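S.K.: From Swiss-Prot, here are the annotated features:
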- 1-46: region 'Disordered' (REGION)
- 167: Mo-molybdopterin binding site (BINDING)
- 515-590: domain 'Cytochrome b5 heme-binding' (DOMAIN)
- 550, 573: heme binding site (BINDING)
- 625-737: domain 'FAD-binding FR-type' (DOMAIN)
- 677-680, 694-699, 706, 711-713, 764: FAD binding site (BINDING)
């Protein structure tokens, strides 16, 4: 077997809830693991692969909390088994059928630790002793034999390789949301990957002298040890066709080790079948007998489980017409499937100047059966009209017959604004046989092998502090857990059926039939919060009533109010947004008096006044409703990935006109697509004729989560001197007006002390406020800056901040670094913690506000909870740029 995996970093995870436990005797197991000697024909490649697998197993199991005696097993026949408390039980207390939470499954990466590997059991786990266990091979063989475990380990070459196991019911709950099947509610976590070691089934059968096909040896049947009620009492059993069982390319083994350890009780100790590329239901656990026969297994479970019937066949019809015994409906090989794991269910993506700087990385898994390679994975944001091809991380090599047994991981970088305009995200995969996933769910009575497009719905939300965000919703949640868009829509359907008025409103969308025409000059007058009109493709829309609900905030509309914004709207909005826009159409643009936006607009700060009768007022460059062209004057490399860019304003005597705390959009066409990113200038707002930007360049191929790097930052870095970029603004909901006063969403706030927490490039709006305060000698506002970065080289504007802190007592600056700490570093190491904040920022008080800008995880997991511990009301006293 030539399967192999490559190095992959594994992230930590949240521990499950540890419950109190009782003491029960452990199952008797040998003191020493049955580690076979290296094969005589082993190669250095095999040794290297084994070392890689060992490393992967160790990394994947790091941080897994000890299994416990779960109180839910009290009083059951499984009360002697320790289990991981995080596993989601799907069939109540007993029998134990469980899957891990999907985020937990993915956090461990390619190899799934045994304690969180999904479990499928039909009854109680048999008690087993290694020393006493035998596997009988009988039936149509010349040498029937009972093998002990020691014989299986020592008398046969061992085979070890990674393989993905999938329950045929994976994603069944989606089917149950449409119509209840006869199966329980698997989520998308009924899949796991482990490194398995065992004895080749082919070698075992040949050792026992399997008869020829001509002598009737057509099927190889497997029987487990558990006593089950099905069929009036039986063991779990199933079978393979002879050709499959003897096929050397299929790597079928009797496995006795999982991830370098003996099998656990839930996974078949001491020995089980592993049939790569087949559904888990064919892999008999607690294996006791192998019978070569002229007919397939006669087990009740072979016939009454793991079948895929046509959609019209329900359980009653299947029983009446004996569909269970029709061989064409048996499920053997796994089908093609893929799932979105990031974004996770109920994950919130804030929309702000930080999150729009970099694309969002979507992730998930994909697999196929029969050894077929997953050749591509695609994601759509527009219901399948267009598809984007994902990057696929394939961590195994094929075996010598070219077969793949493991899942792969896919990722795709998506612009945040594209997600904002999407109604849903869907994924599909393809394999080398050109199999792909159907768009729509195909219901069947057992709820088996559901593999329709995995869809994640997007909804606009308003997280804390009134920000706009996107909340993601998976179709279902496993077991009896509530949640998921399918459950919500099902409930809405029930409500509409019971309420004729609601049903009519749901099924009869509003149709706007306005045909009135407006002149451009009339549209231009509607350019404020009280009346915000826009022009898109010659149509006039009144967006006033949508201001408060717009996902990007009202400023995004007000920037364009009174103008023709066709280009910008088309660049960043999806088909969903375009359809929504129709509800706000009030008429058409008259073409008879059309002139260009700039020809008749008055951009002067004096408006239509006679300027000769007014005191001199310096011209402001920014116009919220227009892009202004700005030429690149200079470019200075501060470090290997940080640039100081100076841009000229359109006129030498202009100031930028950017309120302190606001930002601007830089607009450029990159690869024939409009790209817009938010930046906060570091130059003083009263500089005349220019503005400065400090830009961190995210290069391609440097950050594993963003292999393509930053589109805009790389574009800016590549610009030659003299190039022109378009700038639009101002934009932002926080404005510092001086001497402790703020306007937040237009409402006044005041503070004598400011707690200022920044991460990475999020320092720029903090820096802007600090700069404004220090320029005013009468502004006595106290500032306490805590600035977190990964390494010292990542700290932006450190010289300026340190110099200001030396000169001004009202500014305190403290740094936190995560890695590459030099000797003599005098600041904090690690992450922003409660103790760091207690030492370096003021406690909460009525005249203290907190300001923050940085990566969303920093704000969510470090800033917000630790400020709360200091007494801050993060709903009201934390301002997020």
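A Cβ is built for glycine as well, from the same backbone N, Cα and C atoms used for every other residue.
Show me how these features fit into the structure around them.
M.R.: In three-state terms derived from DSSP, residue 167 (Mo-molybdopterin binding site) belongs to neither a helical nor a strand segment and is classed as coil.
Mean pLDDT of the predicted structure over the domain 'Cytochrome b5 heme-binding' (515-590): 78.
Just so you know, the Cβ of residue 550 (heme binding site) picks up 18 other Cβ atoms within 10 Å once every protein chain is counted.
In the three-state DSSP scheme, residue 698 (FAD binding site) is classed as coil.
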S.K.: Return the residues near residue 696 (FAD binding site) by Cβ distance under 8 Å, restricted to its own chain and a separation of at least 6 in sequence.
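M.R.: The list for residue 696 (FAD binding site) reads 641, 642, 713, 760, 761, 794, 796, given in order along the sequence.
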S.K.: Tell me, by DSSP, whether residue 706 (FAD binding site) is helix, strand or coil?
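M.R.: Residue 706 (FAD binding site) sits in coil per DSSP, no helix or strand.
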S.K.: For the C-alpha pair, I'd like the distance in angstrom between residue 764 (FAD binding site) and residue 550 (heme binding site), rounded off.
M.R.: 26
S.K.: Provide, as an integer number of angstrom, the distance between the C-alpha atoms of residue 706 (FAD binding site) and residue 550 (heme binding site).
M.R.: 28
S.K.: If you run the three-state DSSP split on residue 679 (FAD binding site), which class comes out?
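M.R.: Reduced to three states, the DSSP call for residue 679 (FAD binding site) is strand.
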S.K.: Can you check which residues sit near residue 679 (FAD binding site), meaning Cβ under 8 Å from its Cβ, same chain, 6 or more apart in sequence, and list them in order?
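M.R.: Listed in sequence order, they are 353, 663, 664, 665, 666, 693, 695, 764.
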S.K.: Roughly how many angstrom lie between the C-alpha atoms of residue 550 (heme binding site) and residue 677 (FAD binding site)?
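M.R.: So the Cα of residue 677 (FAD binding site) lies 18 Å away from that of residue 550 (heme binding site).
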S.K.: If I take the Cα of residue 167 (Mo-molybdopterin binding site) as reference, which of the binding-site residues 694, 698, 712 has the closest Cα?
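M.R.: Considering only the listed binding-site residues, the nearest one is 698.
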